[in-house]
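The structure appears right after this line, and notes come after that.
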């Protein structure tokens, strides 16, 4: 035992004679109600133990990332990190090692008592020290889970990027666990992770399932994305049944919502909203039905509903299920239908903040059926549009897999419904740079243009996709670290209300960073021509929105054309005279007239796509 430790320990003993433990005034239950966005006390310690190189730190940080992404407050205490601060006065003698683990156990207990899931990753080689850590928690009435991260010594040595095992075998490091100091394997751990046989994600899932069994992690966290497709082995049977059922004709807009629901973008919805879900969305911007308070808040800011006429309601009201038919083809079954009044003005006023029928989406609502029908969906097959772009329509599960295949450790999403200019690219490049500076190794950009219904004067999807391809071809964005995919949602032009929907869908698809621009999902008021929504409110609302805590919001820095640099640049008010703000209206006017924008505004090939589009309009007209 070191002399410093003995001196400090003796001094601590002398001070402790007149110290009285003070009880908290706030109970754990009350603390649990306000810690994180998922109410309920879930304080505990997950104690990872194993040889150096077994994978403790990797699993610890991956588990922390998983829990935080599901809005469960947690913190990871790493052995090396703690020895840089709290325990920097301790060495590696037997006494110092014992004190190292004791201190960590006490700190972990405080974290757990505060309502966090505390994850510790320490070799902690001796059984008596780990047992003492358990007793510290159990005496305080706090759960303690010992997780043995088990990997053979030769595997640990092969992973030794620091060269510690090599130095220990050379005699340069004395008392190194596994070489000349014993590691006492846990006899009855709560979980054993075989890291030489299982992937990191599999190991994390094992721990999550343990926490689920102990009611630390809610069941809803594990269920993941809800796709609504009929299982392959039952498609023929359900399709045959669909042919015998009454049918409801649906519009292209309705089919786009069927696609959204079936692919899991609206998880946990099981179909078009029934009245209870509709009212929750309309009045609270959240889904509460069937979710107990400890399972937290599910953000849902827009109603996903199926309008029907009074005649169709009268015809189908007594059915337990019926088929949805698009252009003569039965695409899905709707089960246990519930019909309720479509109060259009109220819906529009709450979603859009206005009910003017001159708004393009509100116009469609006002012209739709006077009734809504909700019910569970069984979708017979994946929705395909056969427009040459289906390969870009990746589902949330496919996007998650693609990010995994690219070894992404951060995914930042950019939602757009317009062509990409170099100002957009500057923001995406800057976001990537900042993520690399923060220590991420493989940040991936999800360039995710909206592919559902848009208003008539927006550039059509096929031309936008050509333009995005040209941007990548000219390497304005890095093709190797970019996923271009189509987000199948229709556009509502509902400003801050809609931008929450856009963000939560990307969150479901695995994004953990979301770039929000000026006036997202906004448009000019159809009557006054002023901004329908205050341009900065979208970003502000996203930063406060309930249920979106697993996504970090990246505000859109204002970019404009720098006349001196002849390039897009972040706007500096102190140099206002250097900048030219090229509006979308001006950009479209230049493209329509076949003129070139200033050098550096947009990649030349991408600009040519835009001018080709407007020329095609002239020919059509």
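Using the three backbone atoms N, Cα and C, a Cβ is placed for every residue, glycine included.
Residues or ranges marked as region 'Adenylyl-sulfate kinase' by Swiss-Prot: 1-216.
DSSP assigns residue 57 (ATP 1 binding site) to a helix. Annotation source Swiss-Prot lists ATP 1 binding site at 53, 54, 55, 56, 57, 58, 198.
The adenosine 5'-phosphosulfate binding site annotation in Swiss-Prot covers 80, 81, 82, 83, 92, 97, 98, 99, 100, 123, 124, 162, 175, 176, and the record cites similarity to another entry as its basis. DSSP assigns residue 82 (adenosine 5'-phosphosulfate binding site) to a helical segment in the three-state reduction. If you draw a 10 Å sphere around the CB of residue 82 (adenosine 5'-phosphosulfate binding site), it holds 19 other CB atoms from the protein chains shown.
Mean predicted confidence for the region 'Sulfate adenylyltransferase' (225-621): the pLDDT average there is 93. What Swiss-Prot lists as region 'Sulfate adenylyltransferase' is 225-621.
If you look up Swiss-Prot, you'll see 415, 416, 417, 418, 517, 518, 519, 520, 521, 559 marked as ATP 2 binding site, on the strength of similarity to another entry. In three-state terms derived from DSSP, residue 417 (ATP 2 binding site) belongs to neither a helical nor a strand segment and is classed as coil.
For the ATP 1 site, whose binding residues are given in the record as 53, 54, 55, 56, 57, 58, 198, the maximum C-alpha distance rounds to 15 Å.
Among the binding-site residues 53, 55, 175, 517, the residue whose Cβ has the fewest other Cβ atoms within 10 Å is 175. Reduced to three states, the DSSP call for residue 98 (adenosine 5'-phosphosulfate binding site) is helix.
In this view, residue 56 (ATP 1 binding site) is surrounded by 27 other Cβ atoms within 10 Å of its Cβ, with every protein chain counted.
If you measure from the Cα atom of residue 53 (ATP 1 binding site) to that of residue 82 (adenosine 5'-phosphosulfate binding site), you get 17 Å. Its own atom aside, the Cβ of residue 415 (ATP 2 binding site) has 23 Cβ atoms within 10 angstroms in the protein chains shown.
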